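The structure under discussion appears below in the form of structure tokens.
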Amino acid sequence: MNMKICLMPGDGIGPEIVEQAVAVLDKVAAKFGHTVEYSNALIGGVAIDATGNPLPDETVAACKAADAVLLGAVGGPKWDTLPGDRRPEKGLLGIRKALGLFANLRPAKLFPELAQACFLRPDIVKDGIDVMVVRELTGCIYFGQPVGREMRDGKMTAFNTMVYDEEEVRRIARLAFDAAMKREKRLCSVDKANVLEVSRLWREVVEEVAKEYPEVELTHMYVDNAAMQLVRNPNQFDVIVTGNLFGDILSDEAAVITGSIGMLPSASLGAGGPGLYEPIHGSAPDIAGQNKANPLATILSVAMMLRYAFSLNDEAQAIENAVQRVLQEGYRTGDIMEEGKSLVGCNTMGNLVAERI
Ligand code: NAD
């Protein structure tokens, strides 16, 4: 297979971690007989410095011409005082919109080797954690109309609208069922159907889509219970699918319980076009350029890319196994360092993973 990948290293630690992820991808491609064609594009602060715009038109064109996009991170203190529409983060929102990315896939995975970093009791996480949250990204109360403020009975009143149409629910449900098919084939749809009409439609449509996926076991859970169950027994979940508002909260909750922000990848996917693969952490300006960053979240984002953009499951698994072996052998970057382990920098961590592919 020939893979066309657009690289957007971005700001801060972005270039260092993307460099290591590319080295690992090259190694996997060589081993499995694939070729990779890279293009490079500017986004965020570096794009502002070069062009005055956090998302130049050439960047959008380069992303659209690729099969998949790998992003480092954007932002940093240098650009914090710019007006809102010229900030680095605007580039990120812009590219998600330009590529029509409506689903965010966030695995919250705790390797058993890092169980000490986890915020949950050791008996709950002795086998690690492996949950995937699929969040709808473009609808719900964040974008619903009408929105505004008005005087009602002499009191200033504000309102937002939670709204989903059946097609929006259908496409995120299909994507979540597809993700479940690549994992343990269990999907939990999270809603608030006991209270919200939007959730009742959500549930009906998810049930209807389930008929296309007889192999996947579908359950439903109210969001308040899901928030509790995630900390009580996270391993009861395989894939969770939910709307934008509930997903915003649950995906952060699931991520934080693992205790290691430098370990978590993500994917944002749309309808057919290239997806965007990136670590969930930011540009970590406090350690940028010091060879201290943990590249594993970006390396694991490449594994997601292989699995979701190219359906190359063995290749994705090879990366995940290599990461696990490096952890088993006791190598750690500063952010996940424990007593008795070997402290390594960003470059060495990347090399160690590549050597074990
Ligand atoms: P951050 O995730 O960049 O950093 C939080 C803390 O975690 C820092 O101490 C940092 O050193 C550490 N850290 C993060 N990633 C690490 C890694 N791979 N290895 C080792 N340590 C790591 O969040 P922040 O400090 O709130 O934000 C910094 C900048 O990043 C801001 O400009 C923010 O807007 C931007 N940001 C970008 C994204 C993105 O590009 N998707 C996401 C979040 C924040």
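Cβ coordinates are placed from backbone N, Cα and C, and glycine is handled just like the others.
Caution: TrEMBL annotation is automatic and unverified by curators.
Here's what TrEMBL has on this protein:
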- 4-353: domain 'Isopropylmalate dehydrogenase-like' (DOMAIN)
- 76-89, 282-294: NAD(+) binding site (BINDING)
- ARG96, ARG106, ARG135, ASP224: substrate binding site (BINDING)
- TYR142: site 'Important for catalysis' (SITE)
- LYS192: site 'Important for catalysis' (SITE)
- ASP224, ASP248, ASP252: Mg(2+) binding site (BINDING)
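Feature map: TrEMBL annotations on the structure.
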{"residue": "ASP80", "record": "NAD(+) binding site", "DSSP (3 states)": "coil"}
{"residue": "PRO88", "record": "NAD(+) binding site", "DSSP (3 states)": "helix"}
{"residue": "ARG96", "record": "substrate binding site", "DSSP (3 states)": "helix"}
{"residue": "ARG135", "record": "substrate binding site", "DSSP (3 states)": "strand"}
{"residue": "LYS192", "record": "site 'Important for catalysis'", "DSSP (3 states)": "coil"}
{"residue": "ASP224", "record": "substrate binding site", "DSSP (3 states)": "helix"}
{"residue": "ALA284", "record": "NAD(+) binding site", "DSSP (3 states)": "coil"}
{"residue": "LYS292", "record": "NAD(+) binding site", "DSSP (3 states)": "coil"}
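It is 42 Å from the Cα atom of LYS192 (site 'Important for catalysis') to that of LYS292 (NAD(+) binding site). Proximity of the recorded positions GLY76, ASP80, ARG96, ARG106, LYS192, ALA284 to ligand 1, judged by a Cβ distance under 6 angstroms to any of its atoms, singles out GLY76, ALA284 in sequence order. If you take the C-beta of ALA284 (NAD(+) binding site) and look for same-chain residues 6 or more apart in sequence within under 8 angstroms, you find GLY12, ILE13, ALA73, ALA293. What surrounds the Mg(2+) site, by Cβ distance within 8 Å of the Cβ centroid and not counting ASP224, ASP248, ASP252, is the set VAL223, ALA227, LEU245, PHE246, GLY247, ILE249, LEU250, SER251, GLU253 from the same chain. The shortest Cα-Cα distance from ASP252 (Mg(2+) binding site) to any of the binding-site residues (GLY76, ASP80, ASP224) is found for ASP224. Of ASP80, ASP224, ASP248, all annotated as binding-site residues, the residue with the shortest Cα distance to TYR142 (site 'Important for catalysis') is ASP248. Summed and averaged per residue, pLDDT over the domain 'Isopropylmalate dehydrogenase-like' (4-353) gives 95.
Per Cα geometry, ARG106 is the residue among the binding-site residues ARG96, ARG106, ARG135 nearest to LYS292 (NAD(+) binding site).
Nearest neighbour of ARG106 (substrate binding site) by Cα distance, taken over the binding-site residues GLY76, ASP80, ASP248, ALA288: ASP248. GLY76 (NAD(+) binding site) sits 20 Å from ARG96 (substrate binding site), taking the CA atoms of both as reference points. Among the record's substrate binders, ARG96, ARG106, ARG135, ASP224, no two C-alpha atoms are more than 29 Å apart, and one pair sits at exactly that spread. Listed binding-site residues: ASP80, ASP224, ASP248, ASP252; maximum Cβ neighbour count within 10 Å falls on ASP248. On its own chain, ALA288 (NAD(+) binding site) has ASP11, GLY12, ILE13, GLU16, GLY76 as residues at least 6 apart in sequence with a Cβ closer than 8 Å to its own Cβ. Ranking the binding-site residues ARG96, ARG135, ASP224, ASP248 by the distance of their Cα atoms from the Cα of PRO88 (NAD(+) binding site) places ARG96 first. Within 10 Å of the C-beta of PRO88 (NAD(+) binding site) there are 26 other C-beta atoms, taking all protein chains into account.
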